[in-house]
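Here the structure is laid out as structure tokens; the discussion comes afterwards.
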Amino acid sequence: MHNQNHPPPLPLHRRWVRRRAWPNRVFAVVYASAIAALVFRHTTHLLTSHSTLVSLTMLLADVILAFMWFTHQGFRMNPVRRKTFPENLPEDGTGFPAMDVFICTADPEKEPPMVAVNTALSTLAFDYPTEKLSVYLSDDGGSKVTLFAFVEAAKFAKEWIPYCKENRIMDRSPEAYFSSDYACFPRTHEIKVMYESMKAKVEKGDINNVYEETNVFNQWDANFTRQNHPTVIKVLLDGTEESDVLGHAVPNLIYLRVSEAMTNAPIILTLDCDMYSNHPKTPLKALCYFLDPSTDSNKIAFVQFPQIFQGIKEDDIYGAEFKFIFQINMAGFDGLLGPSHVGTGCFFRRQVFYGGPSSGTLEQTQTQSIRSNKVLDRCHEVASCDFEAQTKWGYELGYRYGSMIEDFNTGYHLHCNGWRSVFCLPKRPAFVGTAPRNLHDLLNQTQRWSMGLLDMNFSKYSPLNHGLKHLTFFQSMCYIHYIFWPIWCIPLLIYSLLPQLALIHSFPIFPKVSDPWFLLYGLLFVGAYGQDFLEYKLGGGTTRGWYNNQRAWMIRSLSSYTFAIIEYTSTKLWASPAVFNVTSKVVDQEASTRYENGMMEFGVESLFFYPISVAALHNLIALIFGVVGVLKHGGLEDLFMQFLLVGFGVVNSWPIYQAMVFRSDPGKMPLKITLTSVAIASMLNLVAPFAF
Ligand SMILES: O=c1ccn([C@@H]2O[C@H](COP(=O)(O)OP(=O)(O)O[C@H]3O[C@H](CO)[C@@H](O)[C@H](O)[C@H]3O)[C@@H](O)[C@H]2O)c(=O)[nH]1
């Protein structure tokens, strides 16, 4: 009880269980019963079937679909939404912990340095006590051009930070700001000119002049390579010594990949180089959880914001927004132990990297100047490649290494160690990044994720055994759902090949229309698709976006998931290392225009396109043969479901036919792929007589 002299402290956040939780639970019971009925039907059908091989294959497809549906239910049992009240935090920042922001970049070709510069500037200008803020750039590319860009950015920051704060600008990435419908303030034009000239200088990459003047690049000698080079540490802004143009202190800006030896802030924000801050008060929203005295806040390992992308069209032809992964399923996770970690837009309590949640302090131990020799010597030591050799760092402690999905892996281990996490989905996106805007990049990205998930599945820390012991049942189910993501390819390959072959040979494999079992199939299809549609729409998506999203799921399943399984198997068999192909953040103007016009981009001779081209052609051939067969011999009632399925396949394949036949732009399907796919699809018919 609080008496009148001591009113209760104002709340920092609230949480509600979403209204859909109960309907989801009831629907799960109904749908599970329908699945049980389907399994019964399969079993009885097996005994009377004309082709045991076909029946067994269809059973396999349906068992996997059922398994994926079942594990997905974890996300639907207790979805929540939250709200933070940063206005209830002390206005002067008293008691705020120090914060280190980590921006990582790896390849100046695929990730233009100006992209990372904008991300850094947007965080340097956070509405956060400047003396408590440090921004680190981790450059795995070891790029002179990137460092040059950051030297320039450090100078510009002294103009940009006070400009943003004075005028309460929301878009604190200069690129986003100057591309928007920005308001004009007294210095706007001047600042814009400065920004444009910095950008031109960086894009020109004229480093030699700078090289003459300073010793910034003195470590890039003839032996310097991306893989093998000395530790480079540059303090580009030191808040204790430097100030901005108005005389206020600036945050620290450091070219370095470790921060423990330098500022050792209790809160760490991780960002991909392209994920700029879109709201200057975002750190305060994270603090609403870390500083909350009334809850078990010491157990909160991280506060995850969703990945939201700029430049994605509302229709999202590639499903690149991953609305389910980054938003809808996250709300489901959040009602359990907390969301998974998605690599970027995440505020961590530093302490989580050193052990379990027994002493969740937010104290900082840094005392020395970040330019002192003692600190710099220690940083060189810690940042060197062999510092962690023979330690548990990266395996049992710290951020997980050696994984294609180090983010997901790290979050999972934290949950297993007793930590919790929180999902924060503010109305105005907290961070905004770029997503692949062509099909090849997207398939490449999802193949990499899938390989990481398979690796986790077969590791000794798999959620199938390790997780089951440490997590709640539903949280485990969610993790298990993801580690099996790539096996979607099995039912999808079966469903896009087998019923079509059967149709070509007028062989019915589903119940006929008058059979009551036909209704069951209808219910299962409409139920799964209907729920998916509803969730997508309630998550703010459009109907067209949803349709494209389900097609993208089919494309990924047939292509990148299949190749992930093949490549993962080969890396295991031949012990070859898996390669992390960085997603390109470069925008190709011509391709961009095609994207804006809703055209799918093929253009390159990528292996990824073969399975989808073959499946598209195979469906078309099946439809034609099916129609001819029915016209000649009848039997529509028996084959009706196959027609529905094949028709659905053909409708979904429209952009592929278009790219093969009707387009002449550089994004069309390469002729070699079209011709090879025609040959493969035709040959498929030759094997059919053996099955039916
Ligand atoms: O050796 C590397 C490889 C990548 N990166 C950086 O990691 C980030 C993510 O790489 P990207 O190629 O953009 O991967 P995506 O698949 O697009 O990103 C998602 O998936 C990754 C792997 O799970 C996560 O690390 C990311 O945070 C998440 O946004 C980028 O800033 C890269 O510069 C490095 O610093 N070093």
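Glycine too: its Cβ is placed from the backbone N, Cα and C atoms.
TrEMBL labels come from automatic prediction, so no person has curated them.
According to TrEMBL, the protein has these features:
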type     : residues               : note
ACT_SITE : ASP140                 : active site
ACT_SITE : ASP407                 : active site
BINDING  : LYS110, GLU111, ASP140 : UDP-alpha-D-glucose binding site
TRANSMEM : 21-40                  : transmembrane segment
TRANSMEM : 52-72                  : transmembrane segment
TRANSMEM : 479-498                : transmembrane segment
TRANSMEM : 518-534                : transmembrane segment
TRANSMEM : 607-627                : transmembrane segment
TRANSMEM : 639-657                : transmembrane segment
TRANSMEM : 669-691                : transmembrane segment
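The list of residues near the transmembrane segment (52-72) in space but at least 6 beyond its ends in sequence, with Cβ under 8 angstroms from a Cβ of it, reads 31-32, 35, 38-39, 42, 45-46, 477-478, 480-481, 484, 487-488, 490-491, 494-495, 498, 502, 507, 509, 528, 691-692. Looking at GLU111, ASP140, ASP407, the recorded positions in this record, the fewest other C-beta atoms within 10 angstroms of the C-beta turn up around ASP140. Of all Cα pairs drawn from LYS110, GLU111, ASP140, which the record names as binding UDP-alpha-D-glucose, the longest spans 13 Å. Nonlocal intrachain contacts for the transmembrane segment (639-657), taken as residues 6+ away from its ends with a CB within less than 8 angstroms of a stretch CB, comprise 317, 495-496, 499-500, 502-503, 506, 508-513, 518, 521, 550-551, 554, 599-600, 612-613, 615-616, 619-620, 622-623, 626, 629-630, 669. DSSP gives ASP140 (active site) a coil state; it is part of no helix or strand. Annotation for LYS110 (UDP-alpha-D-glucose binding site): same-chain Cβ neighbours under 8 Å, separated by at least 6 residues, are VAL582, THR583, SER584, LYS585, VAL586.
ASP140 (active site) sits 17 Å from ASP407 (active site), taking the CA atoms of both as reference points. Within the same chain, the transmembrane segment (607-627) stays apart from the transmembrane segment (21-40): fewer than three Cβ pairs sit under 8 Å, each pair at least 6 residues apart. According to its DSSP assignment, ASP407 (active site) is helical. Cα to Cα, ASP407 (active site) and GLU111 (UDP-alpha-D-glucose binding site) are separated by 20 Å.
Residues of the same chain lying 6 or more positions beyond the ends of the transmembrane segment (518-534) and with a Cβ under 8 Å from any Cβ of it are 27, 30-31, 34-35, 37-38, 41, 69, 510-512, 543, 546, 550, 641. Other than the site residues LYS110, GLU111, ASP140, same-chain residues with C-beta atoms no more than 8 angstroms from the centre of those residues' C-beta atoms, the UDP-alpha-D-glucose site, are THR105, ALA106, ASP107, PRO108, GLU109, GLY141, CYS273, VAL582, LYS585. GLU111 (UDP-alpha-D-glucose binding site) carries neither a helix nor a strand DSSP state and counts as coil.
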